[in-house]
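To start, the structure itself, in structure tokens.
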């Protein structure tokens, strides 16, 4: 008798992706973040759908519609805070997932890696537009500041900004289109995730040693399904602890004041997950230079496969590269801290040094250290 799981056209795709998928026998907990990101996306789409049922994308009523959700809708407060803090969990998982790829050399699957970088951009765009929707002070100021950056593009900049705004300032048209884009983008992200997995399953997963593991594969189910369930439990535990005990921990108090174009918050800053990029943007005194540095700070990830000069794929057996990698992580923490500080001494110079170090490590120090390690191993 034939097994439906292996013959049915739809069930077969699921089977080859999540059940009978050959997986390396030694992948660690760092490989859990793919499934956790999938879960985060599902949580965000579902909570977002229920929020959209009660939200109005009009400047006059947006803020009060969010208040209405929190006060009058059954479990509206829970849905709203799960959505807001779910975004934070999404980015934590994203950063760890990307960091894992950098450490273990997963970027050598460059189709998978490049789709991943595009996904990162898409998620960042979605999060930015979502932050504008409650129409609080920081929503308004953030939308104004970030969209204004496009005016740095020579010749077409000003026209482009006014086109995105749908007027001469951030107003009703801007809010409505941001809501439309914020709704559609997660579904585009879901489609890109499919492509990401398609490319990944062409090659199979990498593993901590970076050595080809074709000779030693195990089925994904039950080994990694049970392992993923543990990750899911920990993620849900963290998310619900955040939502139920301190839902506003990662938010900005300014966003509890309705948007007022006539008064600007003293310190405009984005959500914590954009602070590192915001610090890089602010550390360059020139507007266009800052915008380019901001874009390149993420786009630089696409250069990783080209900058890989080591004879070994993973950093597992490369202590010097490990050192440099963890300095890069510390540097990103420093940038995140600086992004949340006011623009004054000594934060300005710390931010500039941290920004220079960020690009130097990726473009110069890591490749150089890789070559030194090759020499030490007489390769």
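Cβ coordinates come from backbone N, Cα and C, glycine included.
Keep in mind that what you see is a predicted model, and the values were worked out from it rather than measured.
Taken from Swiss-Prot as is:
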| type | residues | note |
| --- | --- | --- |
| BINDING | 83, 182 | heme b b562 binding site |
| BINDING | 97, 196 | heme b b566 binding site |
| BINDING | 201 | ubiquinone binding site |
| TRANSMEM | 33-53 | transmembrane segment |
| TRANSMEM | 77-98 | transmembrane segment |
| TRANSMEM | 113-133 | transmembrane segment |
| TRANSMEM | 178-198 | transmembrane segment |
| TRANSMEM | 226-246 | transmembrane segment |
| TRANSMEM | 288-308 | transmembrane segment |
| TRANSMEM | 320-340 | transmembrane segment |
| TRANSMEM | 347-367 | transmembrane segment |
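Cβ environment of residue 83 (heme b b562 binding site): 44, 47, 48, 51 lie under 8 Å away, each six or more residues apart in the same chain.
Each residue contributes its Cα atom, and for residue 196 (heme b b566 binding site) and residue 182 (heme b b562 binding site) these two points are 21 Å apart.
For the residue listed as 'ubiquinone binding site', the same-chain residues lying six or more positions away in sequence with a CB closer than 8 A to its CB are 16, 17, 21.
The listed stretches are 33-53, 77-98, 178-198, 288-308; of these, 178-198 has the most Cβ pairs under 8 Å to the transmembrane segment (113-133). Sequence-distant contacts of the transmembrane segment (178-198) (same chain, six or more residues past either end, CB-CB distance under 8 Å): 17, 38, 41, 44-45, 48, 52, 55, 57, 112, 115-116, 118-119, 122-123, 125-126, 129-130, 132-133, 143. Remark: the transmembrane segment (288-308) contacts the transmembrane segment (347-367), by the rule of 3 or more CB pairs under 8 A. Residue 182 (heme b b562 binding site) falls within a helical segment according to DSSP.
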